[in-house]
Amino acid sequence: MIPTIPQARLIKWSYRAYVTLFFVYLALPLSVVCLFAFHNSVFPALPWEGFTTAWFFGTDAPFIGVFHERSILRAIGTSAFVAAWVAGLSVAVGTCNAFLFVRHDFRGKGFLYILMLLPLIIPGVILGISILVFASSVANTLEDATDLWFDGLRPGLILVILGQFSFITTFTTLVISARLQKFDLSLEEAALNLGATKWGAVRQITLPFLMPAIVGAGVVAILMSFENFNTTLMLVGSDSPLTITMFDKLKQGSTPVLNAVSLLLIIISALLGLLSLLFQRSKG
Amino acid sequence: MASDKSKLGFYLLLAPLLLWLVMLIILPHVGLFAVSISEKVGIREYETGFGNYAVFFNEPLYWRTFARTAFMSILTTVLTLLLGFPIAYYIAKLTRGRTKTTLFLMCMIPFWVSELVRTYGWMILLRETGVLSNALQYAGVINGPVEFLYNDAAIMVGLVYTSILFMIVPLVTTLDSLDDSMIEAGYDLGGNGLTILREIVIPHAMPGIVSGCIVVFMLSLGNYLTPILLGGKDSLWFTGMIYSQFITRFNWELGSAFGFLLLGLSSAVVYLGLKFSGQSLSSTMGR
């Protein structure tokens with residue numbers, strides 16, 4: 001079934017109907033989340049009680065909007081902090097990995113490459129508990145040996161950052177490697193001929209060429225970090241990122257303030273997602 | 001390939017990779033295995049043995065949940081393949097240019113949004129006071145409010161929704177590379193829609209089907225949010241058991257054993273999928 005081959009009308013239209021239905025299925029949950037963000041009631045459920053923006057800007061209980069709800073604002077701050085660290089670390093390590101895998105030949109390269117891909121196929125929950133168990137046993141050993149406290153190795157933001165970093169780095173490595181593979185080495189050689197040092201050539205020629213991929217990978221890392229749940233759940237301490245805070249609130253029963261947060265998240269992630277595509281598009 | 005005159009530069013590049021893989025991937029998993037084969041015999045006293053795994057096999061609740069999780073993940077994989085294939089084919093073969101980009105983007109946007117938000121949307125739709133129940137009452141199909149949430153069907157809807165993109169993207173990529181003239185040739189040689197699908201389209205799309213199936217199965221198996229939120233209190237899902245052993249019961253030894261069993265199943269499926277289709281991990285995932 002391709003455009004150049006004639007098809008029976010019925011088949012053609014039922015196919016189109018199916019595709020339409022599928023997109024309705026895709027859009028439905030997000031649409032209702034957005035819709036109920038403006039619901040003038042404390043329940044995100046029917047019957048419809050009218051339109052309000054109180055869930056964004058409201059200050060009077062029970063209508064406390066997102067921008068005045070302390071716990072949510074703090075969680076957004078925590079998430080942003082984690083995302084910034086994860087993006088920075090994973091892009092830095094990802095760039096190094098890209099240079100290593102694209103530019104160097106060494107024994108065990110294939111093995112290391114497979115190892116580098118492994119985080120993709122380890123379920124997030126397992127990644128979380130393995131890091132939790134390992135960090136705790138290191139902390140126990142160190143504390144027994146030195147009589148000092150090693151709180152950084154107990155569930156908390158450091159472990160959350162490490163946990164997210166451990167699998168997001170695979171993605172940044174793949175994105176940056178793909179671009180580095182397209183790089184024409186003769187450009188760097190020309191710079192060397194013109195008297196640049198090895199590092200100077202990399203900094204002035206190769207890194208600017210990689211920039212779209214580096215920024216794109218950073219954006220993807222921020223997105224993945226912001227929305228990660230499984231790994232974070234196992235490693236979280238007293239400061240919880242946004243997804244964990246929302247999950248806890250959701251279990252207690254929700255008010256449309258969660259819809260308002262979700263609406264903001266949808267807008268931000270759609271924008272970030274489009275941004276990352278734009279950067280990948282400009283690969284040329 | 002640069003000749004490695006500067007060994008120092010090479011080791012500087014190798015260091016972060018090794019640090020990452022050894023400290024955050026290899027050692028933690030070795031540690032997890034070590035904990036899973038230690039049995040608590042007293043306060044801070046442990047013995048090595050497979051007792052935790054024995055507990056799993058002797059307690060029907062545990063292995064049944066494990067089997068149930070595996071079965072429902074397989075079902076999710078099959079459903080996403082059946083539902084996603086026509087969509088991927090439509091995007092790859094029946095649309096061109098701007099329409100194609102738009103449709104593809106419309107598929108992607110829901111997946112940039114946090115899984116929590118997507119699941120929350122399904123909760124609003126399906127619960128007793130939700131949109132679906134009200135719509136059906138309004139249409140006169142049902143008389144009172146009906147709870148659509150907290151059952152296995154709700155879990156399936158959520159799981160399929162959460163993972164279908166990971167089926168569609170690889171399918172679109174492989175189907176895109178199928179030349180239209182191949183299909184035309186198939187028709188010229190007297191094939192009909194069905195034989196062409198079986199003899200040309202599906203064999204060509206096999207790499208995409210395999211990688212899509214692997215990813216979807218893995219994601220469903222390791223999913224926590226969707227089964228817990230949409231399935232309610234009795235939604236027995238294996239990741240939920242791991243969580244309760246670790247965080248609620250504080251029985252890390254048993255939890256680690258559970259974790260390793262889940263990891264084993266997921267790795268086995270990935271391995272078999274790759275062997276079965278004759279592909280390698282780097283060609284499937286490294287894109």
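From the backbone N, Cα and C atoms, a Cβ is placed for every residue, glycine too.
Look at TrEMBL and you will find A:17-38 (among others) tagged as transmembrane segment. Tertiary proximity for the transmembrane segment (A:17-38) is limited to same-chain residues at least six positions away from its ends with a CB under 8 Å from its CB atoms, namely 44-45, 51-53, 55-56, 256, 259-260, 262-263, 266.
Here TrEMBL flags A:76-276 as domain 'ABC transmembrane type-1'.
Taken from TrEMBL, the feature transmembrane segment covers A:80-100 (among others).
Taken from TrEMBL, the feature transmembrane segment applies to A:112-136 (among others).
Annotated transmembrane segment per TrEMBL: A:156-176 (among others), in sequence order.
Counting only same-chain residues 6+ beyond the ends of the transmembrane segment (A:207-226), those with a CB under 8 A from a CB of the stretch are 79, 82-84, 86-88, 90-91, 94-95, 98, 164, 168, 171-172, 175-176, 178-180, 183, 187, 241-243, 265, 269, 272-273, 275-276, 279-280, 282-283. The transmembrane segment feature in TrEMBL is assigned to A:207-226 (among others).
The transmembrane segment annotation in TrEMBL covers A:257-279 (among others).
Against the transmembrane segment (A:80-100), the recorded stretches A:112-136, A:156-176, A:257-279 differ in Cβ pairs under 8 Å, and the greatest number is found for A:156-176.
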